[in-house]
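These come from TrEMBL:
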type     : residues : note
BINDING  : Lys752   : ATP binding site
COMPBIAS : 485-499  : compositional bias 'Low complexity'
DOMAIN   : 83-245   : domain 'MAM'
DOMAIN   : 718-916  : domain 'Protein kinase'
REGION   : 257-284  : region 'Disordered'
REGION   : 447-500  : region 'Disordered'
REGION   : 530-559  : region 'Disordered'
TRANSMEM : 634-661  : transmembrane segment
Amino acid sequence: MAAFRIQASYDRPSEQDATATIEPGFTTNCTMDISPFHNITLQGQYHCHHGPGVPLKQLCDFTMDCPLGDDEGDMCSQFLNGSYCSFEDGECGWQPTAAKGSSWRRVHTPPKGVWPSCSSSSGAMFSVDRGQSKGHQVSTLLRSPLFPPPLRNSRCEVRFWMCSGGGQRGALSLWLVENSTQPEEQRRLWYSASEPKTKKGWRRITVPLYGLVDWFWLQFSTDNGTGQGSAICLDNISFSMDCFLASNGEFPPTVTGTTKLPLKPTNQNIKTTTLSNGNSRTLSDLPTPTDSMKWAFHTCGAVGSEGPTPTQCSSSYRNSNVNVTVATRSPFKGIQIWRVPETGIYRITACGAAGGRSVLAMTKSHGIQLTADFLLQKGELLHILVGQKGDDACPNTNGILNKICVEQTPLDNNTQVKGGGGGGGGATYVFKVQRGVHIPLIIAGGGGGRGYSSQSDSQDELMDDPNVPGRNGKSGAAGGGGGWNDSNPGSQGGRPLILGGQGGQPCQVLGWKTRGGFGGGGGACTSGGGGGGYRGGSTSEANDPKQDGEDGSSFTNPEGEIFLDALKGMESDGEVIIGPVQNCSHCETGECHEIEEGTMCYCEEDLVLAPDGVSCVNASTEVSPLPPQPSLSHLALCLSVGTSALIAALLLAVSGVMIMYRRKHIELQSIQLELQSPDCKLSKLRASTIMTDYNPNYCFAGKSASVNDLKEVPRRNISLTRGLGHGAFGEVYEGMAVGIPGEPSPMQVAVKTLPEVCSEQDELDFLMEALIISKFSHQNIVRCIGVSLQALPRFILLELMAGGDLKSFLRETRPRLEKEDVLRKVSRAAPITHDGQKIHIYLDYMAAVMKKRSAFYEVRGFLHRCRDTKFGILYPAVLKITTPSGEQKTFVDPTRAKVYIVAHLHPSTGGKTAFD
């Protein structure tokens, strides 16, 4: 006899009304929450939220009979998957079988073969167009999910809408296949060719389902046909509520007449209802009861190293709310597949199986239990492998071995058959498969099998992360536990999950037959088998009877949130429990439960819920009323005023900054124009005080210069060889540069550096010097090779002056005469002035150089500051200006030594003067 529930609803309109009404109810699907069906009574009536009762057969038939439309929509879709489907949100588990030439397809517009007969429909539908291919056609199948059998006396009916293109060339059949029957024993419930000829268009077909004793599925089949006009469309498939609830009386197994309607209702009409006042409201906006059910998955009665079969699970889950598909082919054989009903956060509790007992160790090795929360999407498929416990060595069906168990005989290696240890427990896996890739969500490790004479203590729980490979445990005489994604082990070892997860075999066929449990448990020998897990447990290589098999490790995907940490607690087979998570974050304890008005927070013992409905207080403490809170309108007003004031202040601040920036920009532009003007004299630049604070933009032949004009050389192409000295900014080095376009490679260069720690003014001066040098192209001016400004310290690469600076060259190459001769010759060329005890000799050639240099710069508008210009010699004997900036100096302009200097330079310059 099937399980049933009797319930009663109590209604008392008001405190003054002394009368009350009680309404009995009768349901049979006890695993489903009772809240959606509190209006279904014994007489087969559904009481609308507003309006009269609706006969039970009119509930969930894609025709709204209640004023608010609460007899259709989300409430109906909460039944078994595929029992109420308009194909708008997917296929609802209905799967087409591919055939040569044509197949069922989910479309949004009818095919040409039925146009315009079926053009009145809108939305998604299933269709098959057999007129596109020529020749003989094979049958095309559209198969439903697996359904439980209805009660014997229930008026269970299946209803669907059909539209064909006319003619009988492609007839449609509805077949019923029970899970326990062979294909040749299928029953045809309905055949369109046997129907009288009707007009083209949509028709509603109602077919009764009777005589069912086992789980079943339905399939639509198109008969063999040729030629055009054989297209068929299906939509709005639904089961009557009597398929899930019992009613009075017997149901005669007769086919009802076909109801012919001129047009099929559109999906828009199904989803929207018009109220009496003219307002429109969709079914998704209507109040629907919340679903707080849980789904419990177990081994379906399977034992040992192999998983359950579809028949076992069909029988085991018959009176429950669990609807799974059990795979029958490797590598998913024995794995249960469950479809997520709704998008939301689900709490998954996974329990690994225990390891088997041995001869002298009477207690089992416990499996791991852990809980985590995951966000799951509607329609996702979860693959669930429920671990099975390892085989016990005792008691044993073999009389000789059982005597050893009863007498607790110590191990005798000479006389006893090998074995006596317990098999490893299988792990429990919950995972997804996306594009052929296995993604683990939660794995609860199985316990290791006990050794023959083990006296070891319980092992610690092991948790792994994704960075650890999911390997199998090491095997000895006993098998190691299977891991997540390792290769195939030996016969004793448990198989990894991706290869099927079967348990290992015992070490000797004729001895103790203690297999590992399904889920990767290792087969036992004298020592225990390893437990399955993310990483399988290892076993004793020496087959030590005192050694237990190691437990398998557990795992939780980082995308989930651990609710309960791993704990050893399972003494038998594994288990998986899945349920939706209620949002109780507003509660002080973080836990709550559903009531009619919403949710109610839980409180621990000796505590009661405070009036605020969130916090918990001591039951003996008098709760004072909360102070009056400001109304929402006042809060909104204050918030709007504060926001407006903040925005106004920000606008004023931004406007002020923009005005000041504009004024400053105009001033700077006027200064730039004045400095770039040809009328700007050198004397004015020297007297200007702003020159120390502002570097003007130089104008090169009427064009502006920027840092982007500089040739950037990667730092990796520059190597420093030796230091040359200290410049105006920092150290100067000799180096080598390679890979510069248009230059020899490698190339000797001089590298000027800017220290990493410097002022902003130093950086501007350094960049300005690079810009100035890069714009010159003259035989007596040193050439800029490039810059390296992307890394610190910053570099300027110049042409290397191998001869050094001019001053040092003159001092090193002058004749080494007696001191008085030197003074005599110098006195002819330069005056000697006495300043205290010091003697200053002014080299007259510097005056001539300064005079020409200043004139050259002033004409081109490049004189930035009154600074000294250094000179260098590039062999063979070419004098060049090397630096347009440097330390500030004072220059004297005596002219009597010009002839002397030229005569002194003549031998070293090959007969040329310095400025030829």
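Cβ coordinates come from backbone N, Cα and C, glycine included.
Shown for the compositional bias 'Low complexity' (485-499): DSSP residue counts in helix, strand and coil, namely 3 helix, 0 strand, 12 coil. When pLDDT is averaged over the domain 'MAM' (83-245), the result is 76. Broken down with DSSP, the region 'Disordered' (530-559) shows 0 helix, 3 strand, 27 coil. Each residue of the region 'Disordered' (447-500) gets a DSSP state, and the totals for helix, strand and coil are 3 helix, 2 strand, 49 coil. All protein chains considered, the CB of the residue listed as 'ATP binding site' has 26 other CB atoms within 10 Å.
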